[in-house]
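*Asks:* First the structure, then my questions, so here it is.
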Amino acid sequence: MSIIYDKKQRTITLHTDHTTYQMQIDRYGFLLHLYYGGKADGCMDYLLTYYDRGFSGNPYEAGTDKTYSMDSLPQEFPSLGTGDYRTPACIIKNTDRTYCSDFRYVSHEIRDGKYALPGLPAVYADTAEAQTLEVVLEDPVTGVRAVLLYGVLPRYDIITRSVKIVNASQGYVSVKKLAPACLDLLGGEYDFITFYGRHAMERNCQRMPVGHGVHKIGSLRGTSSHQYNPAVILAARDATEDAGSCYGMAFVYSGGFQSEAGMDQYYQTRVLMGFSEEQFAYPLNPGEELQSPEVILTYSGAGLGQLSRNFHRCIRTHLCRGKYKEKVRPILLNSWEASYFDFTGESLLKLARQAADLGIEMFVLDDGWFGNRDSDLRGLGDWYVNEEKLGCTLGELIGKINGMGLKFGIWIEPEMVNEDSDLYRAHPDWAFVIPGRRPNRSRYQLVLDFSRKEVVDYIFDRICAVLDQGNVEYVKWDMNRSLADVYSATADSQGRVLHDYVLGLYDFLERLVERYPDILIEGCSGGGGRFDAGMLYYTPQIWCSDNTDPIDRLEIQYGTSFIYPASCVGAHVSASPNHQTRRVTSMKTRGMVAMAGTFGYELNLNELDSEEKDEIRRQIAEYKKYASLVQTGTYYRLTNPQTDNQGAWEFVSEDQKEALVQVVGIKKHANMTVDYIKVRGLKENTMYRDTQSGRLYNSTALMEAGVPKPVLEGEYQAFQWHFVCEE
Ligand code: GLA
């Protein structure tokens with residue numbers, strides 16, 4: 001039993017293999033948070049302290065007891081209006097136009113299996129693998145209910161949280177703020193680790209002390225965004241990669257979000273994760289409900305590395321779906337950096353022939369194959385194959401490519417429309433434009449109103465009509481701008497549109513996944529602008545960044561690795577000098593960095609000399625040797641490329657018998673000092689052989705003392721060790 005209700009103490013305790021989470025229904029019916037951390041037993045309500053604290057008011061029923069205040073007590077779902085003046089998880093505008101919600105315990109239920117969320121992505125599990133806790137809270141005056149859901153996956157050290165607001169009142173209410181996850185921690189000093197960035201430089205890691213005041217990150221863009229990732233970590237000040245307490249929250253949502261962390265007047269820390277408040281006012285008529293997306297929570301008492309590994313295992317095996325989720329993905333060649341919009345059917349076939357000759361397994365036709373799309377000025381929305389440009393039908397092109405022994409994949413951007421398109425001319429009101437205002441353009445395109453079913457239905461039918469033309473085995477789903485001018489002609493309230501847009505997107509994706517279960521879908525939004533756990537439910541891999549420079553990628557993939565497994569990270573070998581940075585790097589270095597994800601190529605193979613082509617052949621053979629280890633192995637960060645001389649990481653097989661350590665030099669000096677790379681995750685005191693040199697090493701020595709990284713000639717050199725257990 002992973003969820004235990006103690007009737008006497010009125011505690012509900014959630015246990016995973018290594019963690020415990022406890023809450024208590026207190027004497028006034030408030031649901032208080034008692035503990036989340038390493039595995040522990042017994043009632044922990046002794047942690048709550050009661051003092052008469054000035055300007056911290058008391059609920060009416062506390063009578064003359066001035067020591068009881070919601071202003072200092074840790075809570076599961078704090079709302080505005082109870083006398084808690086900290087940042088709330090929920091604000092509801094009631095029928096009487098007040099903003100008070102006073103949620104009290106009504107009932108709870110424990111059941112086997114993990115809850116699912118209708119219309120939303122969520123962690124899934126077999127009935128025997130998980131349990132669900134549902135706690136019903138209600139405001140006794142308005143009748144509005146908050147139904148808290150907890151999913152517990154003991155073996156994975158994962159707890160998920162979601163909340164449903166049910167308008168059981170007699171009138172109209174509006175949900176102004178909703179954060180399904182709240183963590184109130186009584187003691188300790190913490191750092192808030194967030195992942196900020198920009199287009200082509202996503203998920204840089206920032207670690208900041210949580211101080212007084214609220215530190216808030218988020219996205220107002222209608223998507224999870226390049227600028228902040230919807231996942232955060234709260235780490236004890238002294239937590240490192242290998243030691244210390246840390247808590248992670250990953251939002252399973254692809255729209256706007258916010259996460260807030262702050263210390264209150266009594267030095268207690270609160271962290272929230274939920275919808276972005278701006279432009280959010282979700283209307284609920286009597287009887288209607290709003291189900292929030294869920295947040296994946298995990299705790300590690302053994303540092304950030306273990307926290308990441310908890311997320312990786314859960315996301316890879318219990319969030320990603322489809323036939324490819326645990327499979328090595330086909331090595332692809334993407335046409336974008338090879339030819340951008342400038343191609344013909346003939347030039348594509350020439351490229352494909354070259355790809356097949358080198359051992360590449362799939363050809364992906366990127367942007368430019370439809371409508372009038374020869375540049376980013378026009379064509380989005382017109383999902384009709386440009387047969388004139390291809391010189392044949394799509395079916396014929398696919399047939400020829402399949403004939404070379406290659407799978408075929410295609411790029412789409414369903415959520416967008418150019419003003420210069422037949423679709424926009426026919427349905428100008430289908431795009432987000434506020435009547436009377438000129439819209440904000442981005443890459444010359446506007447966003448289609450996916451909160452409207454007829455828009456989703458139309459585009460879905462058009463995309464299916466394309467995919468049905470041949471043997472399409474992969475789709476790259478792109479999304480190349482942020483939302484603006486949010487106005488939906490048919491919505492009863494504009495405060496619902498951003499969320500309904502995301503629901504429309506998920507509805508489309510769900511239908512696509514159902515109709516084409518064998519197609520591998522890769523997510524993309526100008527690279528990693530929508531790299532989130534929500535998308536990963538539909539697309540088991542996401543193009544990590546439009547930046548293919550391997551040295552920049554070290555940092556991007558490092559930041560990404562805190563939450564997301566390597567099997568989700570789209571990574572390609574591109575040209576040198578790199579198209580984004582003009583940096584020159586070797587094929588080996590580019591290959592090694594791309595191999596730490598779902599491997600592929602994205603360059604004009606026809607421009608390579610025979611030596612480079614041979615190198616690619618060798619690289620592909622090598623990748624195949626390690627692909628399964630990379631896709632399903634346990635991941636360790638060995639350095640921090642933001643500050644260290646090199647980027648280094650490691651994949652260890654589940655049975656710990658094999659490990660691949662990869663290192664790429666970043667900083668270079670004359671008379672270079674030697675760095676020692678400490679290997680991780682091997683069996684203790686066991687002999688391992690480095691398969692390249694044949695040398696035997698004691699594993700504990702490798703882990704405690706490390707191995708000296710060779711000082712190699714030239715810049716950005718790559719090096720790897722492959723250790724195999726001798727037992
Ligand atoms: C985005 C993607 C690229 C490419 C282009 C095509 O920028 O991230 O990989 O597909 O769009 O327009």
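Each residue's number is its place along the chain shown, starting with 1.
Backbone N, Cα and C atoms are what each Cβ position is placed from, and that goes for glycine too.
Annotations per TrEMBL:
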DOMAIN    29-284  domain 'Glycosyl hydrolase family 36 N-terminal'
ACT_SITE  Asp478  active site, nucleophile
ACT_SITE  Asp546  active site, proton donor
DOMAIN    648-723  domain 'Glycosyl hydrolase family 36 C-terminal'
*Asks:* Find the average pLDDT over the domain 'Glycosyl hydrolase family 36 C-terminal' (648-723) in the predicted model and report it.
*Replies:* 97
*Asks:* Only counting partners 6 or more residues apart, tell me which same-chain residues put their Cβ under 8 Å from the Cβ of Asp546 (active site, proton donor).
*Replies:* His199, Ala200, Gly526, Gly527, Gln580
*Asks:* Within its own chain, what residues at least 6 apart in sequence put their Cβ under 8 Å from the Cβ of the residue listed as 'active site, nucleophile', listed in sequence order?
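*Replies:* Within the chain, the residue listed as 'active site, nucleophile' has Cβ neighbours under 8 Å at Asp367, Trp411, Ile412, Glu413, Cys524, Ser525, Gly526.
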*Asks:* For the domain 'Glycosyl hydrolase family 36 C-terminal' (648-723), DSSP counts of helix, strand and coil?
*Replies:* 6 helix, 30 strand, 40 coil
